[in-house]
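Here is what TrEMBL says about this protein:
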- 7-29: transmembrane segment (TRANSMEM)
- 49-66: transmembrane segment (TRANSMEM)
- 78-95: transmembrane segment (TRANSMEM)
- 101-125: transmembrane segment (TRANSMEM)
- 137-158: transmembrane segment (TRANSMEM)
- 170-190: transmembrane segment (TRANSMEM)
- 231-249: transmembrane segment (TRANSMEM)
- 269-291: transmembrane segment (TRANSMEM)
- 303-322: transmembrane segment (TRANSMEM)
- 347-371: transmembrane segment (TRANSMEM)
- 383-401: transmembrane segment (TRANSMEM)
- 407-426: transmembrane segment (TRANSMEM)
Amino acid sequence: MADRATINVVILGLSFMFIFTAFNTAGMIEETVIQSVQEEGKFDGGSGYISLAIIYTVFAMANWGAPSVVSVCGPRNSMVIGAVMYCLFIAVFIYPMVWALYVGSVLLGLGASILWTGEGSYLTLNSTPETIGRNSGLFWALQTSSFLFGNVFVWQEFTGKEIIDPKTRIQVYVSLLVVSCVGTLMLFTLRNKKPGDSASLNVNSENDVETKEGPLQAFKRSIQLFKTREMLLLGICFAYTGLELNFYSGVYGTCIGNTKAFGDEAKSLIGISGAFLGAGEIIGGAAFGLSGKLANRHGRDPIILLGFLVHTTAYYLIYINLPQSSPITEIVTDASYYPVLIQSNKYVAVLCGFLLGLGDACYNTQVYSILGSLFSEDSAASAFALFFFTQSLTAAAGFFYSTYLILQWQLLIVAVFCVAGTLAFFEVEWKTSRPSKEGYTQIN
């Protein structure tokens, strides 16, 4: 029978699956829905791209204060507060107003920082050095299954529709709101581990952390942690996860939808590719979770190397398969504008979606794992906050430049950071796996 800690990780993953089935779906169709509302002569001045930029910018800045909130409220209560913000943002689209969209974007950015920092801290509390890899993979597989469900939902609801009418919009967003609320309520079922369970990476109980460290101390700890050599090196890898997040969640679908060679299937291929991306995330998370003992024996480097090979392969295939002007929606995608190197193939496009998801699972599960084991005890919340700060900041930058740069330059940026981030991760992993020789220890 599974112990309390494992049950907690499963419930945590299922809660995030519901919350992000709603949010990922809402975010993916946000610009399309806004354009449809504007076709009705309403919502003048609203923009889905500006909304996303606000979300990730606020998310990045708020991560500096998130450890203080987690320190005061505890991981579970912090996640509940953050999840409520997600529900409010989704509710905005039932009867959309410009001011509510941007206020909701700010609130979501604040809530996201609290939610994810609390999640990292709670995962650490319920893990040991032997189970952190398994738990990270298990959580990631459950959470990212939201991509699969959300994209299938969009494909079913929007097939054959160029304009999203008010009835369809309300029906979709009410359904998403209910799903998000279910995930939020599930967070209340999370419990502390029983005293008989194996010791966690955090030697203090949740209540101990709350009473031992105040918000000011948590903020100072984040500043000190940011200056360490390990965190500076890992920051390069964090930055890459943000850029590839922007690419697969915001750019790649646009590229597919703007490729004329796909004909009438172009728009529906966005949902199919997204579903395969979700399949890659699920398979990767599940595989790395089940191979936790193998990762403990051979280290995290082989999984990161797999992610590097998978992503670089995907970038090359995307480069030769899709038109270079396809990310720029203002320009008509035509053979006369930056022609493709091969005849665009829809099966290659879907395959690349799967590879992007699988590679993303490689990097994120191992980032979770190394943060949970290296930055244990009181510093866990600060470490995860710095991860999400760097990731969301580069994602926001990516959403900004993605409307101006053609595909080859965007691929060059993510490829350069892929190489640099992978090498930086190898450096930290190699040194931290030899503490007796290099003098590295867990950072408290």
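Yeah, the Cβs are placed from backbone N, Cα and C, and that goes for glycine too.
Unlike curated entries, TrEMBL annotations are predicted automatically.
Small disclaimer: the values here were computed from a predicted structure and weren't measured.
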Taking residues 6+ outside the transmembrane segment (49-66), which of them lie with a CB under 8 Å of any CB in it?
27, 30-31, 78, 101-102, 105-106, 108-110, 112-114, 116-118, 219, 222, 250, 381, 385-386, 388-390, 392-393, 395-396, 399-400, 403
Leading stretch by Cβ pairs under 8 Å, where the reference is the transmembrane segment (170-190) and the options are 7-29, 101-125, 137-158:
7-29
Please figure out which one of 7-29, 101-125, 137-158, 407-426 racks up the most CB pairs under 8 Å against the transmembrane segment (231-249).
407-426
Quickly jot the same-chain residues contacting the transmembrane segment (101-125) by Cβ under 8 Å, restricted to those at least six beyond its ends, or write none.
8-9, 12, 16, 34, 46, 50-52, 54-59, 61-63, 65-67, 69-70, 74-79, 81-86, 88-89, 92, 132, 135-136, 139, 190, 193, 200-202, 205-206, 209, 368, 371-372, 376, 380-381, 383-385, 387-389, 392
List, by number or range, the same-chain residues at least 6 past the transmembrane segment (303-322) whose CB is under 8 A from its CB atoms?
244, 252, 255-256, 259, 288, 295, 340-342, 344-345, 348-349, 351-352, 355-356, 358-363, 365-366, 407-408, 411, 414-415, 418-419, 422, 425-426, 429
